[in-house]
Structure formats: structure tokens, C-alpha cells
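Q: Please read through the structure below; I'll follow up with questions.
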Amino acid sequence: MAPVAGAGAVLAGAAAVALLSAVFVLYELPLDAVLQRAFSLHKAHSVKNMETTLQLVRNIIPPLTSKKHKGQDGRIGIVGGCQEYTGAPYFAAISALKVLLVLVSQGADLSHVFCTQEAAPVIKSYSPELIVHPVLDRPSAVPNVEEWLPRLHALVVGPGLGRDDTLLENVKGILEASKARDIPIVIDADGLWLVAQHPALIQGYRKAVLTPNHVEFSRLSEAVLRDPVDGSDHREAVRRLSQALGNVTVVQKGERDVISDGEQVLECAQEGSSRRCGGQGDLLSGALGVLVHWALHAGPEKTNGSSPLLLAAMGACSLVRQCSRQAFQKHGRSTTTTDMIAEVGPAFRILFET
Ligand SMILES: NC(=O)C1=CN([C@@H]2O[C@H](COP(=O)(O)OP(=O)(O)OC[C@H]3O[C@@H](n4cnc5c(N)ncnc54)[C@H](OP(=O)(O)O)[C@@H]3O)[C@@H](O)[C@H]2O)[C@@H](O)CC1
Ligand SMILES: Nc1ncnc2c1ncn2[C@@H]1O[C@H](COP(=O)(O)OP(=O)(O)OP(=O)(O)O)[C@@H](O)[C@H]1O
Ligand SMILES: [Mg+2]
């Protein structure tokens, strides 16, 4: 029996090592260095390996109790949605709602969309569960959104916003008002376009997370660092951008997601799928809005000295990639972002409730 048990232990060890190397790579260290960091050095402020990272992410998730009322675990606002783009703000808002619904039984009033008047009925028609405010192209847009800020726990700015100057001017005002209230802000898509034009908008705001794709990352880096991106070293490029922006957390999406707060650099290589359908990034920004709120709300005893925003980013990236994997297993090449949304609940359970 002993050799069988020994073989089992070896297999289990090999599986753990394979999993570690496949899923999270810290600083692209060789695996033995990662393991050494993970199990020997115990650096207080670094997220060490997959299991500890996922455990810390699990720690920030509020407990499920029947005593909760709706909105207690998060009410998220999405700023975006114009004549051309109605899908993106819907994807962000519904993914935030689905993540929140993992914890509460009632979904009303948890996910708000602030969009233009033309986009509002379209977005509303996708889902009766979203609260839609047709205010973004009004002269009173900033005070109209400001009225809601005391009730919102995080904002996601940019999905489907477009690049109309009047809208972008209003969004500048919304960003300033949100910062003044210390509200966490996830910035994606056209919100990143705005930040590339005016980096001072979020410079040094430690409750901001930027989620650029490949193109958006290059645009931002060139605007902020004023030199072309070094494509050979993604980790250093992301760290430099974050640092130049005053340690704003940056999540560069890609084959692996590279995440940095200007000090630490983490990578999420959770298995996803090779299917790239429009809207997956919007799903990430919506889910991240919720996780950022949870992580900041959890307090240092739950995050064990790790940056809450890095944990939130790692959690949201893992979740979206797991959704992509599960949807692809069912639908193959015909997978759409809507198929991924259906996987949010099951993927959340697999990753965070085990
Ligand atoms: N259903 C909806 O409503 C959706 C609406 N959306 C909304 O659309 C708006 C504009 O967003 P955006 O991403 O198209 O912006 P932008 O910077 O102009 O990039 C366009 C250029 O970049 C390229 N390109 C893109 N990604 C790349 C990559 N990874 N690697 C390499 N190249 C890449 C791309 O090349 P192409 O694929 O077209 O050949 C093109 O040239 C924004 O509001 C967003 O939220 C989306 O959220 C999707 C769902
Ligand atoms: N090559 C890849 N392999 C696996 N997963 C990827 C790959 N590229 C991106 N992803 C994942 O897809 C998600 C969205 O990233 P993507 O780069 O498609 O964003 P995006 O271009 O902003 O999407 P959107 O179409 O919503 O604007 C992220 O969670 C990322 O981890
Ligand atoms: Mg995008």
C-alpha cells in the first residue's frame, strides 16, 4: 500500500506544481523561485501563490446571511452607453448584478447605468433588472449623477461611452465628484481614452483601477510615459505605467492579465478560452467594480497586508476567464458574451466557494 500512497502523494504534488505554474506566475519567476517565495520567504506584503491568493480573494467576499437587505453588499454605477454602444454598459451592469446576486436574493436597485437619453430605452429593454438613468447628455449630467453618488459603492466608467466631447466633459465632472467622495472607480474603454487625454484626472487616486486591453494600454503608456511600450517585458511596462500614474492599479488584459500597483506585479493565467468575443472586457469591468468594493470594505485583517485592489483584480480576472472557459466548453466557437454571463454564478462558486 505504501508505494501506492507514495505515488498518490507524488501525483498530487505534481498536480499542485502544474496548477501553480499554469495559473499564477509572479514576476515571471521560474516555478522553483515562485515556490520558494510562496512557501519559504513569507514576505508579508506579496501575494504568494495561487492558493493563498484565491484564499485572500475568498476572504474579501462578504458572508451570505439571510439578515441582509438589498444593496448592503454593494450598489454599482456604470457610466457609459450612447447611441452607438448599448451592449457594453449592459454587459458591465449585468455582470456586476450577477456577482452581487451570488450573495443576496433580491436584485433590484443594485446595478445602475448612467447613459445618454437615446441609449436608455435600449439598455432597459435588455434587462428589466437594471436601473437606467438617461442623464449623461444633459447639461445637468454632473449634478444628476452626483445625486446618486451617496448610494453607490463603486463606479465603472467607460464601457460604451463613446468619444463625444460633451459626454467626455460631463464624465470629467463625474470623476471629480466621485473622487471627492472617495468612491472606488474602475476605468475601462472610452474612459481610458479620456484618461489618456487628461492623466491628471486620476493621477495618484489610489482607489482607481484601469483595465486597458492591448491597444488601450499602448495609448495610455504613450500618453503618460511619452515613450513607446517595451513589448518584450509586459510586467515592467505595466508596473511603470502604474507608478507613473501615482500607483493607480493597472490591469492589462491579454493572454495573461498583468496586474500592478506600481510596486507588486501579478499575473493571472487562469485558463480561459481562445474565443475572443466583444464584451468580455465589459464583463470584467462590471465584476471588478463589485470586487473592488468588497476588497476595500473587507479591511486589512482579511487581506493580510496585500493590496485590496490587487486582490480584487485577481479575483475578477480569474472569474471572467473561468466564465469564458465554461461557456466555451458548452458553446464552442459560437460562444457569445451572453453565454459567459450565464456562467457567472457557477464560475463564482467553483472559484470562491470551494
Ligand atoms: N456590444 C457593444 O456595445 C460593445 C461595445 N464596445 C465599446 O466600443 C467602444 C470602442 O471600444 P474599442 O475597444 O473598439 O476601442 P478602440 O480603442 O477604438 O479599439 C479599436 C481598435 O483597436 C483594435 N483592437 C481592439 N482590441 C485589440 C486587441 N486586444 N489587440 C489588437 N487590436 C485590438 C481594433 O482592431 P479590429 O479588431 O477592429 O481590427 C480597432 O482597430 C467602447 O465604448 C467599448 O466599450 C466594446 O466594449 C465591445 C462590445
Ligand atoms: N489571448 C487571450 N487568451 C485568453 N484570455 C484572454 C486573451 N485576451 C484577453 N483575454 C481575457 O478576456 C477578457 C477581456 O479582455 P479583452 O482584451 O478581450 O478586453 P477588451 O478588448 O476590452 O474587450 P471588449 O470587447 O469587451 O472591449 C479578460 O478577462 C482577459 O483575461
Ligand atoms: Mg474593452
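Every residue, even glycine, has its Cβ placed from backbone N, Cα and C.
Here's the feature list from TrEMBL:
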type: BINDING; residues: GLY160, ASN213, HIS214, VAL215, GLU216, PHE217, SER218, ARG219, ASP282; note: (6S)-NADPHX binding site
type: BINDING; residues: 253-257, 272-281; note: ATP binding site
type: DOMAIN; residues: 53-351; note: domain 'YjeF C-terminal'
type: TRANSMEM; residues: 6-27; note: transmembrane segment
Q: Provide the number of Cβ atoms within 10 Å of the Cβ of GLY281 (ATP binding site), excluding the reference atom itself.
A: 23
Q: Of all the Cα pairs drawn from GLY160, ASN213, HIS214, VAL215, GLU216, PHE217, SER218, ARG219, ASP282, the residues the record ties to (6S)-NADPHX, which distance is largest, in Å?
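A: If we measure all Cα pairs in GLY160, ASN213, HIS214, VAL215, GLU216, PHE217, SER218, ARG219, ASP282, the largest is 20 Å.
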Q: Could you give the Cα-Cα distance between GLU255 (ATP binding site) and SER218 ((6S)-NADPHX binding site), in whole Å?
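A: The separation of the Cα atoms works out to 16 Å.
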Q: For CYS277 (ATP binding site), what is the secondary structure state per DSSP, taken as helix, strand or coil?
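A: Looking at the DSSP assignment, CYS277 (ATP binding site) belongs to neither helix nor strand, so coil.
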Q: What number of additional C-beta atoms lies within 10 angstroms of the C-beta atom of GLY160 ((6S)-NADPHX binding site)?
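A: I count 29 other Cβ atoms within 10 Å of it.
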Q: For each of the binding-site residues (HIS214, LYS253, ARG275), count the other CB atoms lying within 10 A of its CB, then report the residue with the highest count.
A: LYS253
Q: Return the members of SER218, GLU255, SER273, CYS277 (the binding-site residues) with CB less than 6 angstroms from at least one atom of ligand 1, or none.
A: none
Q: Out of the binding-site residues I have (GLY160, GLU216, CYS277), which ones have their Cβ sitting under 6 Å from ligand 2?
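A: Checking each Cβ against ligand 2, none of them comes under 6 Å.
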Q: Is any of the binding-site residues GLY160, HIS214, SER218, ASP282 within 10 Å of LYS253 (ATP binding site) (Cα-Cα), and if so, which, in sequence order?
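A: Those near LYS253 (ATP binding site) - Cα within 10 Å - are HIS214, in sequence order.
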